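The feature domain 'Cytochrome b5 heme-binding' is assigned by TrEMBL to 12-90. Per TrEMBL, transmembrane segment is recorded for 126-147, 261-284, 296-322.
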Amino acid sequence: MASETPTRAPAKRYFTWDEVAKRSGREKERWLVIDRKVYNISEFTRRHPGGSRVISHYAGQDATDPFVAFHIDKGLVRKYMNSLLIGELSPEQPSFEPTKNKELMDEFRELRATVERMGLMKANHVFFLLYLLHILLLDVAAWLTLWFFGTSFVPFLLCAVLLSTVQAQAGWLQHDFGHLSVFSTSTWNHLLHHFVIGHLKGAPASWWNHLHFQHHAKPNCFRKDPDINMHPFFFALGKILSVELGKQKKKYMPYNHQHKYFFLIGPPALLPLYFQWYIFYFVIQRKKWVDLAWMITFYARIFLTYVPLLGLKGVLGLFFMVRFLESNWFVWVTQMNHIPMHIDYDRNMDWVSTQLQATCNVHRSAFNDWFSGHLNFQIEHHLFPTMPRHNYHKVAPLVQSLCAKHGIEYQSKPLLSAFADIVYSLKESGQLWLDAYLHQ
């Protein structure tokens, strides 16, 4: 009988941080590290459910903390990751790069474990049900206003204000489902996300995922955070980038006046003049037919319910007035936490430092919480993106203690001050650009 030769397990491959860093995507090959294991994501990026860019932003880096932060069923995800595993860090290599604060990372991971033990990652479904009901009631109230009081100027304006409130609040609610922070399974979160953003708002879930997860992965990092893509063609953002732009003698706009023209091309224009049209290009170009179907149900509902009352021209006028009002609400709230903060290229800092330097809070109050969809707790939201929003205020004192211990500034300010800081920061960065443009 022929003797059987035992099969040898493939030898473990070990890598250094230098080897990993070289696979950052510049040469098409992309690796990343999670819990000291090295994964080759070069081919996987296109299949990544969260989008190809968000995972690529961590190519060549340790991605342990964002991996934990973004996924609610890590066990399931790890099964799919096995086919991407190519080795692990050599035993003599540290668990993360020297640009990251080891003590801060260790303590934040302890904090996250504490937060999970306290049950702060579990949602109160009654809270979100009541939130959805208040949106639906406002939607019905808007239609009843025209039906009962007629279509003269005052009822028309009141209807527009109510519908704008519906759109803004539905925007905050879809944000909850998009972050998987309501249900314990992705399936239910995705389904309700499609309903709220698609049927209640007329926008595609895939478009929101594509942009927003990149923002969370690398907030205020130029070329990685799409929320600051208006630099440099419309605005000069942040001290570092503005000075760089000035030194390069680049002038796409009169940036020293940007704090003035912001009021023209910022809050009033973003939704009605850009997002409203770009979302259709996005779904058709990427063949997102499910998203398009959900969007059509929104427009069909609006036209079927309002055309009998207002006629076609009246509905179009109402629709764009609503988008104009919503745009002002959306831009001021979403930019108050980020535009005044540090903006730079990606410096591969640790998770906590990355998020804290790019975010600030607005003081807690019943109105601020409702008006901003609890995004006044932007710091907590960025550190724990899948945490249900009703728990942000509970974790805030723990985050403040961590920041105080490590000398990290934890900014919180009044709502109107936060709005004003957007304008002040644009004025400052515009002046820095001008000084560099003229004198450096």
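Each Cβ is built from the backbone N, Cα and C atoms, and glycine gets one as well.
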The domain 'Cytochrome b5 heme-binding' (12-90) - residue tally per DSSP class, helix then strand then coil: 32 helix, 18 strand, 29 coil
Model confidence over the domain 'Cytochrome b5 heme-binding' (12-90) (mean pLDDT, whole number): 92
Non-local residues, at least 6 beyond the ends, that sit with Cβ under 8 Å of the transmembrane segment (296-322): 143, 146-147, 151, 156, 159-160, 163-164, 167, 198-202, 272
